[in-house]
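A.B. asks: The structure under discussion is supplied below as structure tokens; questions concerning it will follow.
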Amino acid sequence: MMKPVSLISMATLLLLLCLPVALAGHDYGQALSKSILFFEAQRSGHLPNNQRVTWRANSGLNDGKASGVDLEGGYYDAGDNVKFGLPMAFTVTMMSWSIIEYGKQMAANGELGHAMEAVKWGTDYLIKAHPQPNVLYGEVGDGNTDHYCWQRPEDMTTDRRAYKIDPRNPGSDLAGETAAAMAAASIVFRRSNPAYANELLTHAHQLFDFADKYRGKYDSSITVAQKYYRSISGYNDELLWAAAWLYQATNSQYYLSYLGNNGDSMGGTGWAMTEFSWDVKYAGVQTLVAKFMMHGKASGYAPVFSRYQEKAESFICSLLGKGSRNVRKTPGGLMFRQRWNNMQFVTSASFLATVYSDYLASANRNLQCSAGNVVPSELLSFAKSQVDYILGDNPRATSYMVGYGNNYPQQVHHRGSSIVSIKVNPTFVSCRGGYATWFRNKATDPNLLTGAIVGGPDAYDDFADQRDNYEQTEPATYNNAPILGILARLNGGHGVYNQLLPVVVPAPTQQKPAEAPKVNPAPASIPAPISFQQKATTSWKYNGKTYYRYSTIVTNNSPKTLKDLQLSISKLYGPLWGLTKSANSYSFPSWLDSLPAGKSLEFVYVHSASAADISVSSYNLA
């Protein structure tokens, strides 16, 4: 069995040595622009006037109506016309995470507005899909009937039934991932659209509670999804994933405690992963918790969070080939997990390597792998090698991003791309007629699916550009979502970014933040029933300044419930999380309307000065 592998490897090596020198550099800015554009080709619903993929038209306008709910919008997951909730939510989470980490770099490239629009197209749909606190629609359409037909989205005649989860038919994985998507997206819109961000957080809180209270796998309730998006990992990873994102979005101690109290029992600290995907979220959870650790947010859970971090770093070491159980790579250097759409694992893992590189650099520390010490730049170099492979630095000199470079897939397994645009030829394409006329057509796709990242090559770097080769030529939204952040990071240059600084996503130039209402607070006083405890939890240097993170605990010492709290905070020179600001005063966060007797809430802020002055302006006890 070894001899054929050796022969193939030698042939691949010789081919690599003969590659043109021109493959050495890539235009990451152009690749970023194209990768965002792909999402416009995947849109379902009524397309906006600023739609840039002009060969697409409106589709799925009646989705959900048979169930009495409006489910127009959202994204088709891949080359078919089904809206699958689990991968769609993961796509939104990863697009949001890309913006949260590298939004400034996207803005510098002029793409932040487009990226935020892509997120909002997804979250607008997810809001519709969550019409009640404990009801979530997780699929529109049926993969079996959809795959029987080959039609443009604009022509589809397949069953558009909507499938939901509820307390009697739970789906903790689906609800948990959707909660994570909503929470992550709320951070994206916090500055530019605070009302929308608060709406997303409300849904995120409800969905997390739903997922946690009514536990079960979603594909046991939505059984039609089993053939296409079976939840192999179960739902514990999504519950932890959602808690991590809700903590990042709110700084609520509840979600930090959830991660600390459930990390061991739910697998967050026990699974050393070699995969991060729409199904398996453990490596993502571990990376986020490691960030919390480096940011000094572990509170009383440092031992548990250290175990999360150990597993996060085990994953990174496995990517670099320096761990105890390393990921497999092709002879050309691409990480390889499976033949069917392997690129999804490449982009998601490379994203984690990218952010972890910056986390380590920000914390001024290296990575300790079983094979030795690793500097942060080595992680970024690994991610760059994977992106460069995708863009054409590979044995076939093929770009696996459609429309990038001179040699990319021409027969993509994608209904809309492979059939003439309805705007060019409005003649109806029937269910089976599409197979006869278009699917089996060996010609180049009539519509360029710009930016789509296809499934990619096999374990030996081989690739067949054929429409019926769905394992290799079908694209997916969750292939593209993670690479947005990597491309933005690479396009931003080789400098070190302090990713432990507070998250501030700049508003796109075409949007303006909503004005906060003016409030006239009552004179400041410090009533005995309310106490404050402030402390600096961590500090770091950036551009010659020392920044401090302060944690403030507000405690209701009275025997009654505290309501309508208004705080006055002066000498604050940086961002604050965990309270709602109205003009010159601060009140309870949007997810909290009162504080029971004896209970506390925490808020945090960061600035380069001593602790701020905090006092009570007004309150009520009931």
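For all residues, glycine too, the Cβ spot is worked out from N, Cα and C.
In TrEMBL, annotation is done automatically, which means it is predicted and not curated.
Below, the features straight out of TrEMBL:
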type     : residues : note
ACT_SITE : HIS413   : active site
ACT_SITE : ASP465   : active site
ACT_SITE : GLU474   : active site
DOMAIN   : 530-610  : domain 'Carbohydrate binding'
SIGNAL   : 1-24     : signal peptide
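Structural setting of the listed features?
C.D. replies: Taking a C-beta cut-off of under 8 angstroms and a sequence separation of 6 or more, HIS413 (active site) has the following same-chain neighbours: GLY79, VAL454, ARG467, ASP468, ASN469, TYR470, THR473, GLU474, PRO475.
Note on ASP465 (active site): other Cβ atoms within 10 Å of its Cβ, all shown chains, come to 17.
When DSSP labels each residue, the domain 'Carbohydrate binding' (530-610) comes out as 0 helix, 52 strand, 29 coil, counted as helix, strand and coil in that order.
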A.B. asks: Among all protein chains shown, how many Cβ atoms are found within 10 Å of the Cβ of GLU474 (active site), not counting that one?
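C.D. replies: Excluding its own Cβ, the number within 10 Å is 22.
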A.B. asks: On average, what pLDDT score does this prediction assign to the domain 'Carbohydrate binding' (530-610)?
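C.D. replies: In the predicted model, the domain 'Carbohydrate binding' (530-610) has a mean pLDDT of 84.
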